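These come from TrEMBL:
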COMPBIAS  110-122  compositional bias 'Polar residues'
DOMAIN    1-88  domain 'Pyrin'
DOMAIN    122-212  domain 'CARD'
REGION    89-122  region 'Disordered'
Amino acid sequence: MAKTMFDLLEGAMEDLGAEKFKKFISKMTDRTETRVAKGAVEGKDCGDIANLLIEHFTESRALEITLQILRNIKANQTAENLEKEAAANGFSPSVGAGGSAGTATPNPNPGGSSSAVTPTNDVSDKATFIDDKFVELVEKATSMNAVLDILLSKKVINDEQYNDIGSERTEQQKMRRLIREALKASGASGKAVLYDALMVKQPYMMKDLGAP
């Protein structure tokens, strides 16, 4: 059975061991090009970090970024193993294992979910999902700025709401304020847009919560 990008990245994180895993997380937050906030990685395990990488960068760049950081922290064997296993499962970096990774190109028919999931529920079902899963959505919230970008572009929230929510200290606080405050005026249609945004930016979380 083919492995998903999540499977591959989680396996690489587990292969690092505690010390190098800490170094990996440190590089995630101090590399200018990654722009991952420290608050987003604090207390996270291997699966959480794998999920965050995919949600933050999308599958097409998650492999590239991971390989770059692994080599930066001298986890060269883990990087080589990941690159070979990724290629065997339909994800092929543009440069070989000895150099810097390029963009990973997924197989057209990979074994796992794509980051660009198209939900099939109607507006009412999507809104009900957001209401029913409120507690879980808050607990598992990551990469909320990317979600806020979509809601702003769809005019579900305005600039003032975008800035107010984005200034919250934690991802959990952002999600809580978004659902409980900002989306009240837009009702079911706004929650449906949030559902779609989460399916695109955080598909693995949504799948874990039972989204189709």
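Using N, Cα and C of the backbone, Cβ positions are placed for all residues, glycine too.
Nobody curates TrEMBL annotations by hand; they come from automatic prediction.
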Model confidence over the domain 'CARD' (122-212) (mean pLDDT, whole number): 89
Number of helical, extended and coil residues in the domain 'CARD' (122-212), per DSSP: 68 helix, 0 strand, 23 coil
